[in-house]
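Visitor: Below: one structure in structure tokens.
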Amino acid sequence: MADTGTVRTIVGIVGNVISFLLFLSPIPTFARIIKDKAVKDFKSDPYVATLLNCAMWVFYGLPFITHDNTLVITINGIGFVIECIYVAIFFVFSPGKKKTRIIIELLIEVIFMVIVILITVFAFHTMKTRALFIGILCIIFNVFMYSSPLTVMRMVIKTKSVKYMPFYLSLANFSNGVVWMIYGLLDFDINLVLPNGLGALSGLIQLILYGIYYRSTKSDDDNDVSGNRSAVELSST
């Protein structure tokens, strides 16, 4: 019979695969941006925010913060690189004002990360206090990340249409939350359990709404769906 550590590793690998697919979900949006050579009404905010979120979770998984969280580092490290590519594409095809805004947002994130790292290293001297400090910040960021799907769910209820909430993305979000929640439970890491529990709940509500309003959804242009796909994108852990 497999021990808890082995089971946790297997669950983490499954979580890495699902999270990787979630990171790739905005590709149709960026293919459209590159094709049109313009960002139009698309917003860079979700990708800039996810960039910081990934950086925070990579930092959380480091050996001097928490133990046995290599799989948290790997997927968020991959996510960080992917989000950098997304932000770079946004920057290239954005007009002047949007480019300035992206630069300012990235500078703020760099300054914030430097401050967090300095506080963690010099103000906290045990793994327990460091994990608590970084974990609280990660939970706060994830709560903000989950506010985006709430807007889409409100739109679904108002319009009685699921065209802005793709089923497979909602299913992936639900599966992602469940898998990483289980990963956290196996070593009882509340900083992983709490945000991913909220993510699983958010995904479940999306699936329930999809089941309720699927039949009442009119068959509109699929571009509307792909164009708004980023609105329900969530972070990996």
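Quick reminder: no glycine exception, Cβ is built from N, Cα and C everywhere.
Copied straight from TrEMBL:
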- 6-25: transmembrane segment (TRANSMEM)
- 46-65: transmembrane segment (TRANSMEM)
- 71-94: transmembrane segment (TRANSMEM)
- 106-125: transmembrane segment (TRANSMEM)
- 131-153: transmembrane segment (TRANSMEM)
- 165-186: transmembrane segment (TRANSMEM)
- 192-213: transmembrane segment (TRANSMEM)
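Map the listed features onto the structure and describe their local environment.
Guide: If you look at the transmembrane segment (71-94), the same-chain residues 6 or more away from its ends with a CB under 8 A from one of its CBs are 9, 12-13, 15-16, 19-20, 23-24, 26, 30, 33-34, 37-39, 42, 44, 47-48, 50-51, 54-55, 57-58, 60-62, 102-103, 106, 183, 192, 235-237.
Within its own chain, the transmembrane segment (106-125) has Cβ neighbours under 8 Å at 48, 51-52, 55-56, 59, 65, 87, 133-134, 137, counting only residues six or more beyond its boundaries.
A Cβ distance under 8 Å defines the sequence-distant neighbours of the transmembrane segment (131-153), meaning residues of its chain 6+ beyond its ends; these are 46, 49-50, 52-53, 56-57, 59-60, 65-66, 116, 119-120, 124, 164-165, 173, 189-191, 194-195, 198-199, 202, 205-206, 209, 228, 231-235.
Residues of the same chain lying 6 or more positions beyond the ends of the transmembrane segment (165-186) and with a Cβ under 8 Å from any Cβ of it are 4, 7-8, 11-12, 14-15, 18-19, 21-22, 25, 71, 149, 152-153, 156, 192-193, 196-204, 206-207, 209-210, 214, 225, 229, 232-234, 236-237.
Residues 72, 138-139, 142-143, 146, 149-150, 152-153, 156-157, 160-162, 165, 167, 170-171, 173-178, 180-181, 183-185, 232, 234, 237 of the same chain sit 6 or more residues outside the transmembrane segment (192-213) yet have a Cβ under 8 Å from a Cβ within it.
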Visitor: Within the same chain, where does the transmembrane segment (6-25) have neighbours whose Cβ lies under 8 angstroms from its own Cβ atoms, ignoring anything closer than 6 residues to its ends? I mean 6 or more beyond.
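Guide: Distal contacts: 68, 71-72, 74-75, 78-79, 82-83, 169, 172-173, 175-176, 179-180, 182-183, 186-187, 229, 233-234, 236-237.
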